[in-house]
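> Copied straight from Swiss-Prot:
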- E22, L23, E82, D286, K356, R363, R364: N(1)-(5-phospho-beta-D-ribosyl)glycinamide binding site (BINDING)
- R114, K155, S160, S161, G162, K163, G164, Q165, E195, G196, F197, V198, E203: ATP binding site (BINDING)
- 119-308: domain 'ATP-grasp' (DOMAIN)
- E267, E279: Mg(2+) binding site (BINDING)
Amino acid sequence: MVRIGTPLTDVATRAMLLGSGELGKEVAIELQRFGVEVIAVDRYSNAPAMQVAHRAHVIDMLDPKQLRALIELERPDFIIPEIEAIATAELLELERSGFNVVPSARAANLTMNREGIRRLAAEELGLSTSPYAFAADFESFRDAVSSIGVPCVVKPIMSSSGKGQSVIHSDGDVERAWRYAQEGGRAGQGKVIVEGFVDFDYEVTLLTLRHAGGTSFCDPIGHLQVDGDYRVSWQPHPMSAIALGAAQDIAEKVTVALGGCGIFGVELFVKGDEVYFSEVSPRPHDTGLVTLVSQNLSEFALHARALLGLPVPLIKQTGASASVALLVEGDSSRVCFSSLEAALCHPEVQLRLFGKPEVHGKRRMGVVLAQSENLDEARKLAQKAVDSIVVELGPDIKQE
């Protein structure tokens, strides 16, 4: 029997978010709907989830001592990693001492870098993947590129949102790609993965939910990425029955191996009826933002239910839906948005502004969600709304 206490009392059920971006913000909101006390943690102040949490902390989550000290201070019932850049070896130790890591410390540890999860999928589970090799220095990197062949994709083994990711088209790109990968890694310089191209027809995210009643799948989500970062997603993406069955089989094998309860974003390449494993995130996925309108229960609501041990009787898709990221480019900590009336004049359009405190370079600051009679119309509707939003980047005020 699930028991939830009253927030801010000695019987509170406490959840700690490690990572407090826009995805963590939605998880925090869903947990609070069930009366869970939410503690938001990140490496910077005023992160999106901090703005809706009961309280917040700023620490270096890659520092195992800081991480342990905070967790032992707060004693949360649930530790919920929302990003990769965490001292996951310490999470393994904390789990062994009795803390509950969602979905599991093993899942967080294996997926914090691309090497752990790729070796699990390809070498232990025998799943089809793109050709790959790992490199820890420039010499081994050059050998890996030669072995895989060009064109190939280079990624830091630990990064997100496409940071440090590039494509090598010729020998002249090798040194540039290595430098870029070293600059883009979440934990600084380190290993990279070199991946051969899969000649795929499309790629999808299959949101896979492990919960008290078993394993459930959301409808496939199609998406467009630019520079390795999500820009547009839509649901349901059409797949043949054979390909869908293969995708679900791969997703179930990977998530069973990772263990625990919660939502997993399983990324797959599809060519005809053949399906190749790409990556998995043991948490809500950015392409899954579309589920805020496309399903009766969003990926965030599903994650909350699963980790709390609550039932998920039915995941219902509500029609052709799309999301388009609101990408802002510039340098400012005084960002404003206007012309929202134009963006929201259609009855089937919704907007989420994430409340991120600043932008330096390019940053996803919001998302538009739309539904229509078909996917093309939903994507056009969402894009039109994004295009109508005016972003104002005010000059930073110098502190005396």
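Placed from the backbone N, Cα and C atoms, the Cβ positions cover glycine too.
Values in this document were obtained by computation on a predicted structure and should not be read as measured data.
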> Could you round the CA separation between R363 (N(1)-(5-phospho-beta-D-ribosyl)glycinamide binding site) and E203 (ATP binding site) to a whole angstrom and send it over?
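A Cα-Cα distance of 23 Å.
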> Once the DSSP letters are reduced so that anything not helix or strand counts as coil, what is E82 (N(1)-(5-phospho-beta-D-ribosyl)glycinamide binding site)?
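SS state of E82 (N(1)-(5-phospho-beta-D-ribosyl)glycinamide binding site) = coil.
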> For E267 (Mg(2+) binding site) and K356 (N(1)-(5-phospho-beta-D-ribosyl)glycinamide binding site), what Cα-Cα distance in Å is obtained after rounding to a whole number?
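Here the two Cα atoms are 26 Å apart.
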> Which ones in the same chain are close to E82 (N(1)-(5-phospho-beta-D-ribosyl)glycinamide binding site), with CB under 8 Å and 6+ residues apart in sequence?
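Result: L17, L18, G19, S20, G21, L23, G24, V27, A49, R283, P284.
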> Can you tell me the CA-to-CA distance separating K356 (N(1)-(5-phospho-beta-D-ribosyl)glycinamide binding site) and E203 (ATP binding site), as a whole number of Å?
29
> Among the binding-site residues E22, G164, F197, E203, D286, R364, whose Cα is within 10 A of the Cα of E279 (Mg(2+) binding site)?
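Final answer: none.
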> Could you measure between R114 (ATP binding site) and D286 (N(1)-(5-phospho-beta-D-ribosyl)glycinamide binding site) for me? Cα positions, answer in whole angstrom.
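Checking the Cα atoms of R114 (ATP binding site) and D286 (N(1)-(5-phospho-beta-D-ribosyl)glycinamide binding site) gives a distance of 17 Å.
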> Between C-alpha atoms, which of these binding-site residues comes nearest to E203 (ATP binding site): E22, D286, R364?
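Closest by Cα distance to E203 (ATP binding site) among the binding-site residues E22, D286, R364: D286.
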> Looking at the binding-site residues G164, E195, F197, whose Cα is closest in space to that of R364 (N(1)-(5-phospho-beta-D-ribosyl)glycinamide binding site)?
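For R364 (N(1)-(5-phospho-beta-D-ribosyl)glycinamide binding site), the closest Cα among G164, E195, F197 is found at G164.
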> Quick check for the class: what is the C-alpha distance, in angstrom and rounded, between E22 (N(1)-(5-phospho-beta-D-ribosyl)glycinamide binding site) and G164 (ATP binding site)?
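Distance between the two Cα atoms comes out at 21 Å.
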> Under DSSP, is L23 (N(1)-(5-phospho-beta-D-ribosyl)glycinamide binding site) part of a helix or a strand, or is it coil?
helix
> Sorry to bug you, but what's the C-alpha spacing from E195 (ATP binding site) to D286 (N(1)-(5-phospho-beta-D-ribosyl)glycinamide binding site), rounded to the closest Å?
22
> Please report the number of other Cβ atoms within 10 Å of the Cβ of R364 (N(1)-(5-phospho-beta-D-ribosyl)glycinamide binding site).
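Looking across every protein chain shown, the total is 20.
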> Given the model, what does the mean pLDDT over the domain 'ATP-grasp' (119-308) come out as?
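For the domain 'ATP-grasp' (119-308), the model's average pLDDT rounds to 95.
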